[in-house]
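S.K.: Pasting a structure here, questions to come.
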Amino acid sequence: MEDDDVILPCSLGTNQNIEKELFVWKKEGTVPLKVVFMFDDGTYSRGQDEEFKGRVSHFPEQLKHGNASIRMNKTTLEDNGNYTCSFPEMKPTKIFRIELVVGAAPKPSVTNLYQTNDWALLQCDVEGASPKPTVEWWDSTNKTLTSDEPQVTPKGDRFYITVKTTVKKTGFYRCVATQKEIWHQIHKEIYAHFGDRSGTGMMRATIVSVIFGIIGIVVV
């Protein structure tokens, strides 16, 4: 997730000592390729691209075991993409490729826009999510409610989504934002009460975050 730290794995798998070897991490998709990290016989960061300076480090104690993995701190959506870890001076040259997927999953906000003794208009807002989530209203039995057409506003890689629904029964209702690509789901609940003599009703909200899994990193 955005702002998390992540380890990008790269290993020869042979326990070969690479303390004297050259290995280079690059990000694909640009010309020239961006240098994420470079290690050359005890020195590192030579030629490193500005956006990775101060955020990327290696594991010196693991070099003698052939481990060229790196840690990237404070990931951003701009870090999404394909990366290569290469040993250009080895014969034959060894290159490993991995894909990094970074997501942004802000908590939904829910509002009781208007309520009578018989019905209430609920609104859910999800701001700045990436990748684009599916946003739905569920009742307390996890049944999807009929809602208005979502209002979606893309801004760069982020999405701002508003979904409204009308409810007529007392109970808890939840707005659920699901991002299948990163195995993430989060929801926020609101309580609507009908039959109140004042006609104003009641509202209560709680936040629950559920993460179903962790995106995998595949080395090819």
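Glycine too: its Cβ is placed from the backbone N, Cα and C atoms.
Unlike curated entries, TrEMBL annotations are predicted automatically.
So TrEMBL lists these for the protein:
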DOMAIN    1-85  domain 'Ig-like'
DOMAIN    106-191  domain 'Ig-like'
TRANSMEM  201-219  transmembrane segment
S.K.: Let's see if you can do this one: DSSP helix, strand and coil counts over the domain 'Ig-like' (106-191), in that order.
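M.R.: Result for the domain 'Ig-like' (106-191), in helix, strand, coil order: 3 helix, 56 strand, 27 coil.
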S.K.: Pull the DSSP breakdown for the domain 'Ig-like' (1-85) and write it out as helix, strand, coil residue counts.
M.R.: 12 helix, 31 strand, 42 coil
S.K.: What is the pLDDT of the domain 'Ig-like' (1-85) when averaged and given as a whole number?
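M.R.: Value for the domain 'Ig-like' (1-85), mean pLDDT as a whole number: 92.
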